[in-house]
Amino acid sequence: MMEERANLMHMMKLSIKVLLQSALSLGRSLDAEHAPLQQFFVVMEHCLKHGLKVKKSFIGQNKSFFGPLELVEKLCPEASDIATSVRNLPELKTAVGRGRAWLYLALMQKKLADYLKVLIDNKHLLSEFYEPEALMMEEEGMVIVGLLVGLNVLDANLCLKGEDLDSQVGVIDFSLYLKDVQDLDGGKEHERITDVLDQKNYVEELNRHLSCTVGDLQTKIDGLEKTNSKLQEELSAATDRICSLQEEQQQLREQNELIRERSEKSVEITKQDTKVELDTYKQTRQGLDEMYSDVWKQLKEEKKVRLELEKELELQIGMKTEMEIAMKLLEKDTHEKQDTLVALRQQLEEVKAINLQMFHKAQNAESSLQQKNEAITSFEGKTNQVMSSMKQMEERLQHSERARQGAEERSHKLQQELGGRISALQRQLSQLHEQCSSLEKELKSEKEHRQALQRELQHEKDTSSLLRTELQQVEGLKKELRELQDEKAELQKICEEQEQALQEMGLHLSQSKLKMEDIKEVNQALKGHAWLKDDEATHCRQCEKEFSISRRKHHCRNCGHIFCNTCSSNELALPSYPKPVRVCDGCHTLLLQRCSSTAS
């Protein structure tokens, strides 16, 4: 086995080398009549057949390499087109022909190496088809995959229609590999052609990888658009909640202003009263001590009132700050609650669907119960009728037996009394015997009828027992329905609790809103501006002065253009840079305006 593996490895290297050299001379476009290509397929077939387990059947031994190649369809969905096209070819009748057609199509797709690598990576599946010392199970299999990667440079145009792939004999022609290998390039023109073809194939590989990456990016963009739409809906709901809270805050501010106006009016009234009392004191000096003491007391009271009003104002200011903090917390709670609301609504829809299913099942069970109860009542009526007919038959039997006994007694009496009338009596006896036989026949028929009725009774009893078992099953279904209703009630309680918890989970929306704004700013900064190279700029973009040793170049971290030191001396913190960085004068003013607009 080791010598066979080594020989097959050498033959594979030689066949691939000769195939590539001949393809370079032909411009790397090959057809089915190309001899090195045919020999490559023969060597590839021998490599796939090495160490293949033999399957015994009634017809004989079957040793085909198409079995492991069919696994590629399960492991790599891209190979499903090859497998279906091979199966749909009407000319192929054997597994060997299908395997050869599969190799042709994989080489034309330039994915033969990729498909075999997928097979070798799953050796636990290959162990069903190959022995442990086979070429595909050892390290030489990976070496062959590495050699087959070089064939992706070739363009193979192979026509499978009209070719007899079933009856071809895979014999290796060693004469191709024993010839002297001549220089196939032919000069500088061939070298240029090969370089151009190399570049072409490299560009094709790059395009294939780029198409894959574009597809992945498109799926990611679709996912981001969906998340953005969801976030926008949640933001709209949050803004509505914020507007309502702002209205409540405005009402509280108006109430505070009214309280302040009342307190100021009361202070002004007290001041006016004190002035009037002072004027009266100056005009009339009678009772100066009494008036002075009264005014002093009133002043103290007014001071106390004023202090109390100031305390109330401080309390109102504290309440205002607490209300603002509560507004922020409520915004966060609303964001979190809206996220959980969506999840809980989905759970509610699922529970509703389950309840509807259980309700339909219960209705079906009740309808079947009613039908079975009606059947039981009908069967009971039939059993009553059968029992009544049985009683009538028994009465007839008893009456016939009594008649027979009476006839026998009469015959005995007649024999004793009338000895001479034996002949007449014998005739009468014969008639009586005939009547008895007829009565016996009737009895037999009645017995058979009674047995049939008993069988029907037994059948009815069996059906009634079956109906009782079904009734028990229906009762079990009712119990399950009750349990499901209890579960429904519990789920409703859980839903109510979760709805209450929804009102405490609104923080994530505000955070996601801030993150989205930062991401949008970063995207705008990255999309709208490009980082200029130092060699491209010779003058300042703003003042248009030429750069020199004294006037140095500086990049703006926001727009990416190059300015002098005087035009880019400002520093600001950007979303893409956590620390303050250098920014030009224009970007500085724009960013400050944006910050002021967002703050307002």
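Sequential numbering from 1, following the chain as shown.
Every residue, even glycine, has its Cβ placed from backbone N, Cα and C.
Here TrEMBL flags 31-163 as domain 'RUN'. Mean model confidence of the domain 'RUN' (31-163) amounts to 81 (pLDDT, 0 to 100 scale).
The coiled coil annotation in TrEMBL covers 214-265.
Through the fold, the region 'Disordered' (385-415) approaches residues 421-422, 425, 428-429, 432, 435-436, 439, 442-443, 446, 449-450, 453, 456-457, 460 of its own chain, all at least 6 residues removed from its boundaries and within a Cβ separation under 8 Å. Residues or ranges marked as region 'Disordered' by TrEMBL: 385-415 (among others).
Summarising the annotation, TrEMBL assigns compositional bias 'Basic and acidic residues' to 392-415.
Counting same-chain residues at least six beyond the ends of the region 'Disordered' (440-461), those with a Cβ under 8 angstroms from any Cβ of the stretch are 379, 382-383, 386, 389-390, 393, 396-397, 400. Sequence annotations record features per position, and here TrEMBL assigns region 'Disordered' to 440-461 (among others).
Across the domain 'FYVE-type' (534-592), DSSP assigns 11 helix, 18 strand, 30 coil. Here TrEMBL flags 534-592 as domain 'FYVE-type'.
Here the domain 'RUN' (31-163) has, by DSSP, the following mix of helix, strand and coil residues: 81 helix, 10 strand, 42 coil. Broken down by DSSP into helix, strand and coil, the region 'Disordered' (440-461) contains 22 helix, 0 strand, 0 coil.
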